[in-house]
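Quick notes on the structure that follows.
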Amino acid sequence: MSGSLVLRVRAALSAIKDPSSGRNIIAAGAVGGLSADEDGKVRFTLEVPDGDRRAAEALLKAAESAAASVPGVTGVAAVATAHSAAPHQQQQPAKGGHDNPFGLKQKPRIEAAGEQLSGVKSMIAIASGKGGVGKSTVAANLAVSLSARGLKTGLLDADIYGPSLPTLFGIKGKPEMRDNKIVPFEAFGVKLMSIGFLIDPDEAVAWRGPMVMGALRQLMSDVDWGDLDILLVDTPPGTGDAHISLIQSKKLSGAVIVSTPQEMALADVRRGVQLFRQTNTPLIGVIENMAWMEGPDGSKQFLFGEGGAERAAKDLGAPFLGAVPLYPDLRQASDDGLPVAATEHAAARTFDQLADQIVKFTERA
Ligand SMILES: Nc1ncnc2c1ncn2[C@@H]1O[C@H](COP(=O)(O)OP(=O)(O)OP(=O)(O)O)[C@@H](O)[C@H]1O
């Protein structure tokens, strides 16, 4: 990620006034999760006034244009979130329906959506402080490993900004509908549903918070998940509407946080840990991905620093579940739609060990 680009975008955003506080949107703390990738694509969330749709859209537009005008920015993905109470005060879902992005008949509220998952024994969120840490790769391989041991497993890709499950499992096309329900795909024994099967990811980046929540509700309630021992949910990076929705569904059994070592600066994962703690969601633990690269002689090269995740987990009082090395060929396998956990690859053993801990958690819970 380009640090100086983020600073320049921050400066540009600080020229925009937040109408509700009269301060600039940076000073008002309305901008969240600001990041830029190497290609110059900038992402952030913007807290907008609740109830005044026109004002909210105008503010989002102004912020998008300000970010887009910064030299070096090639694209802006900004999502508006409504002003909201702290997550721990949000146990009750808001009254009334949200948008219905898939145009299906049902429009259940989030708790009702959670109730639709009555055949699912454990729903577990896979979260990360930042994008690109391998959260989806870890989620996909854990799902394959869980399924390989005979557990009925599902994987819901709720990463609205970069759904990767279709690629990771090499699935194309749209899912079928049966009895007004969406039929999940199935690969490697895992039932799969991704927001990417249903919408164009380029459209989704412009979605407002309520649409994100509406889409997630539909992925929970309108997909025919059937009976599952474990449903893993690959969430968008950071903590936002999708996480709040999952918590409000009252169906979430626990959460796993994935991070790379250099991003284990406490601040990066603290927000995630705090959100789950504040909402009494059990934190199953932290997984460090791309922890080291193995040399031909078996030596470990710590490309991003050593042991950062374990230390950070300890500092936060969170369990450390283990580390996944950086395997240069893992990326290719993922791009080819073949999760390594389904192969003889050394990574398969690592994912098995991590899956063991998830199983132990579900047995304890
Ligand atoms: N242990 C690993 N070794 C090598 N490559 C990896 C490893 N884990 C993930 N990758 C690669 O890193 C890239 C990012 O992974 P992935 O898409 O899973 O991250 P993410 O955190 O879900 O990202 P996003 O937030 O953008 O969805 C992918 O190309 C993936 O193949």
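Note: Cβ is positioned from N, Cα and C throughout, glycine not excepted.
Any TrEMBL annotation is an automated prediction that lacks curation.
Annotation source TrEMBL lists ATP binding site at GLY129, LYS130, GLY131, GLY132, VAL133, GLY134, LYS135, SER136. The Cβ of LYS130 (ATP binding site) has 17 neighbouring Cβ atoms from other residues within 10 Å, across all protein chains displayed.
The feature compositional bias 'Low complexity' is assigned by TrEMBL to 81-94.
Residues or ranges marked as domain 'MIP18 family-like' in TrEMBL: 9-76.
Per TrEMBL, the feature region 'Disordered' maps to 81-105.
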In the three-state DSSP scheme, LYS135 (ATP binding site) belongs to helix
Taking every residue in the domain 'MIP18 family-like' (9-76), the average pLDDT works out to 84
Quick note, GLY132 (ATP binding site): same-chain residues at least 6 apart with CB under 8 Å of its CB -> ASP37, PRO237
Residues near GLY131 (ATP binding site) by Cβ (under 8 Å) yet at least 6 apart in sequence within the same chain, in sequence order, are SER35, ASP37, ARG43, TYR161, GLY162, PRO237, GLY238
Helix, strand and coil residue totals from DSSP for the domain 'MIP18 family-like' (9-76) stand at 21 helix, 18 strand, 29 coil
Apart from the site residues GLY129, LYS130, GLY131, GLY132, VAL133, GLY134, LYS135, SER136, the 8 Å Cβ neighbourhood of the ATP centroid comprises SER128, PRO237, VAL258, SER259, THR260, ASN289
